């Protein structure tokens, strides 16, 4: 099984590397081609996120009803083909940047459609591997599940750190070589990932289950009934989405899941919005790069801290500890912005607070992921995770909307306040979950229990300090 896990980790590394590199590289390429406007890059990013929001339930249905190996193979091919074709179109767009006309905008429209395919494929791969395959390979072992979750998240965060730095370095040397490098890595990684995932599937018999039987006929409609079938399809899609939303919102794992999704409504993440703000505060590019790297290291540290906490106090309590830590750090960062106008001196309180908050974010992510994996039934993993991914993308879009409404650097403190408020909302919702699961928020120590006669208090014995979930 160790060999199987290793193959799964390598396959996930290739998927995460390609996804993170293209996610950052595509926006970088478009920003270089259109240096005087944010419109093309914004339209591209918006289309990408919107596709994930609108089609998330469809992805969940595919994951739940198709064979596991088919789902992952489709996601691999779909993601890589869209990246490969996009690189070719970006090269053409770069060549056509001089002349005005319809062609550049047509290429941009096609690029946006390909971005939707890439995003949907990457999301489907994430849902299938992280929320289904990992649970099956762990084979009911809580320790293995937590260890695998931590390793998978560590891989993703490492790729998030290294892949953008590498493509930025190559692109800075030569944009055309940047396009070629992205193209080549996407093309060459397909056979390896395809082979590894097939071996994992073959080595784990539990992964080889057939898809659940579906009702309804699959007959081909005649052309005369095409409109009727289209209307029926739309009605079924709406009914399915409503059913999936009801399933998600009434599930026991809803509160930790929606708490996690709320954390995507943030501009305090060393992403594009915050980096633009730091540039406006006259920070050098090298300084920002070092700060972003340091922040990523704090994120990776969470993959070591969270499993240790979960092994001591369980995922429910570790989740509230880590989420409150994130809220505490963001409260300091936001208060700093409102107390003063963030001159350089103020930045050095604001920046460490944001960086420290990232450990809480990803630590809570791991705790919530364990709870969701343990609570959600095998037959509902796809639909639940797909709705969750849709909410995450929706809140991420709202974060972009805040910096569109408050676009000036001096107004950045308003989106920052909204980000902290969203984190506070997540903390409240998760506290409700903790209260429901444990019956209380704070563990009252046995040393405060009265003696039998009502006089004084008990003294703890050596065995009375053991931590428990109850």
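Heads up, the Cβ atoms here are built off N, Cα and C, so glycines get one too.
Curation plays no part in TrEMBL annotations; they are all automatic predictions.
Same-chain neighbours of the transmembrane segment (71-93): 15, 18-19, 22, 26, 29-30, 33, 62-63, 104, 107-108, 110-111, 114-115, 117-118, 120-122, 124-125, 128-129, 133, 176, 179-180, 182-183, 186-187, 189-190, 193-194, 197, 201, counting only residues six or more beyond its ends whose CB sits under 8 Å from a CB of the stretch. Under the heading transmembrane segment, TrEMBL lists 71-93 (among others).
According to TrEMBL, the transmembrane segment annotation covers 99-117 (among others).
What TrEMBL lists as transmembrane segment is 155-173 (among others). Counting same-chain residues at least six beyond the ends of the transmembrane segment (155-173), those with a Cβ under 8 angstroms from any Cβ of the stretch are 9, 12-13, 16-17, 19-21, 24-25, 28-29, 32, 181-182, 289, 293, 296-297, 299-300, 303, 362.
Beyond the ends of the transmembrane segment (179-197), by six or more residues, the same chain brings 7-8, 10-11, 14-15, 17-18, 21-22, 25, 29, 69, 72-73, 76-77, 80, 83-84, 87-88, 90-91, 94, 167, 170 to within a C-beta distance below 8 angstroms of the stretch. For 179-197 (among others), the entry in TrEMBL reads transmembrane segment.
Residues or ranges marked as transmembrane segment by TrEMBL: 253-271 (among others).
Feature annotation from TrEMBL assigns transmembrane segment to 283-309 (among others).
The feature transmembrane segment is assigned by TrEMBL to 321-339 (among others).
Look at TrEMBL and you will find 345-364 (among others) tagged as transmembrane segment.
The annotation transmembrane segment is assigned in TrEMBL to 385-408 (among others).
Among the features that TrEMBL reports, transmembrane segment is placed at 414-434 (among others).
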Paired segments the transmembrane segment (345-364) and the transmembrane segment (253-271) in contact, 3+ CB pairs under 8 A: yes
Cβ-based contact of the transmembrane segment (321-339) with the transmembrane segment (385-408), 3 or more pairs under 8 Å: no
For the transmembrane segment (414-434), distant same-chain residues with Cβ under 8 A (at least six beyond the ends): 255-256, 258-260, 262-263, 265-268, 273, 316-317, 319-320, 323-324, 326-327, 330-331, 333-334, 337-338, 368, 395, 399, 402-403, 406, 441
